[in-house]
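Read the structure below first, then the notes.
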Amino acid sequence: MLKMETNGQGVVRLPARRPALSLLWDLWVLAKARVVSLLVFTAAVGEILAPHALLHWESALAGLLGIALAGGAGGVLNQIVEPVLDQHMRRTSQRPLADGRIPRGGAILYAAALMGAAIAVLAWGTNPLTLVLTLAGTVGYGVVYTLYLKPSTPWNIVWGGLAGALPPLIGWTAVTGSVAALPLVLVLLVFVWTPAHFWPLAICCRRDYAEACIPMLPVTHGVDRTRREVLNYAVLTWLVSLLPAFLSGDWIYGAVAMVSGAWFVRMALRLRTLPEGPEMDRYARRMFLYSISYLFLLFTALILGKLIMSHGIL
Ligand code: HEM
Ligand SMILES: CC(C)=CCC/C(C)=C/CC/C(C)=C/COP(=O)(O)OP(=O)(O)O
C-alpha cells in the first residue's frame with residue numbers, strides 16, 4: 001500500500017520508490033563508468049595517433065566500444081569480489097553491491113553480459129591481438145589485481161596499473177593490428193602515472209584501509225615513505241611524458257608535457273613538506289584530482305599536436 005507523507009506544511013511528498021533511472025545510475029556506478037571514460041579516451045588517442053586511423057573507422061569504433069564494455073566488466077568484477085571491503089570504507093560504502101541495492105547474482109549476470117558483448121564487438125570489429133589485450137586488461141584488473149595483489153602486497157597498484165595502462169596500445173592495435181614504439185611509450189606513461197595518481201588518495205583513506213586490513217603503502221610503510229614514492233613516480237611520469245615529444249618531434253605536446261608535469265612534481269614536493277594532519281589530507285586529495293586532469297591534458301595535447309602539426313598550421 002502506498003503511504004503518503006506531508007512535509008509539515010500540508011504539501012504531499014510522494015513515497016520513495018526505485019525508479020528506472022536510479023537502477024540505471026547504479027549500473028553506471030557499478031561499471032565504474034567515470035574511470036572507464038578516461039580509459040576509453042586514452043584508447044581513442046591511441047587510435048588517432050595510429051597511421052590511417054580514418055580509413056579504419058569501423059575498427060576504431062568497435063575498439064572503443066569493446067574497451068568501454070570490457071572496462072565496465074572489470075569494474076563490476078572488482079565490486080563482486082570485494083563488497084565487504086567496500087562496506088568498510090567511507091568512500092565506497094554507498095556502492096550498489098556494498099549497499100545491497102543490487103544483488104550479487106544480478107551483478108554477476110551484468111558482468112557476464114558486458115564481457116560477452118565486449119568479446120562479440122571486438123571479435124567482429126577488430127582483430128585477435130586487440131581482443132587478447134583487452135581480455136588481459138579486464139582479467140588483470142578484475143581478477144589479478146583485485147583478488148590477489150590488492151589484499152597481499154603494498155605494491156599492488158604498481159602491477160595492477162599495467163591493466164589500466166593498456167588502452168592506448170589497444171586503441172592502436174584496433175586500427176593497425178600491430179604494435180609500435182609510440183603506443184608502448186604511452187602504456188609506459190600511464191603505468192608510471194598510476195602510483196602518483198592513486199597513492200595520494202590512499203594517504204587520505206589510510207585509516208579506512210588499515211581498518212579493512214588492506215596493505216596499501218601508507219598503511220604498511222607509513223605516510224612519509226608513501227610521499228617519497230609519490231615524488232619518485234611524479235618525476236618519472238614527467239620524464240616519460242617527454243618521450244613522445246622526442247619520438248614525434250611534436251613540440252606543442254612537448255610544451256604541455258613540460259609545464260603540466262612540472263606542476264605535478266611541484267604538488268608532490270609540497271605534499272612531502274606538509275605536516276601530517278587535515279591540511280595534508282586535503283592537499284593529497286587535490287593532487288589525486290589533479291592527476292586525472294593531468295593525464296587528460298597530456299592525451300588531449302597529443303591529439304591537438306598531431307592535428308595541428310599534420311595540417312601544417314604552425
Ligand atoms: C591499478 C590502477 C589504479 C588504481 C588503484 C586506481 C584507483 C582509483 C581510485 C581508488 C579512485 C577513486 C574511485 C572512487 O572514488 O570511486 C580512482 C578514480 C579515478 N581513476 Fe583511477 N586508479 C587506477 C588506474 C586508473 C587508470 C589507468 C585511469 C585512467 C587512465 C584511472 C582514472 C581514474 C578516474 C578518471 C577517476 C575519477 C573517477 C570519478 O571521478 O568517479 N585510474 N582511481
Ligand atoms: C583495458 C581494460 C579493459 C582495463 C580495465 C582496467 C581498469 C578498469 C582499471 C581501472 C583501475 C581502477 C578503477 C582501480 C581502482 O582501484 P580499486 O579497485 O582498488 O579502487 P576502489 O577502492 O575504488 O574499488
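Note: Cβ is positioned from N, Cα and C throughout, glycine not excepted.
Note that TrEMBL annotation is computational and uncurated.
What TrEMBL says about this one:
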TRANSMEM  35-54  transmembrane segment
TRANSMEM  60-81  transmembrane segment
TRANSMEM  102-123  transmembrane segment
TRANSMEM  129-148  transmembrane segment
TRANSMEM  155-174  transmembrane segment
TRANSMEM  180-199  transmembrane segment
TRANSMEM  230-246  transmembrane segment
TRANSMEM  252-269  transmembrane segment
TRANSMEM  289-309  transmembrane segment
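Of the ranges 35-54, 102-123, 129-148, 180-199, 230-246, the one with the most Cβ pairs under 8 Å to the transmembrane segment (289-309) is 35-54. The transmembrane segment (155-174) and the transmembrane segment (230-246) are not in contact, since fewer than 3 Cβ pairs between them lie under 8 Å (pairs 6 or more apart in sequence). Counting residues 6+ beyond its ends, the transmembrane segment (129-148) has Cβ neighbours under 8 Å at 63, 66-67, 70-71, 73-78, 81-82, 111, 115, 118-119, 122-123, 156-157, 159-160, 162-164, 166-167, 169-170, 173-174, 177-179 in the same chain.
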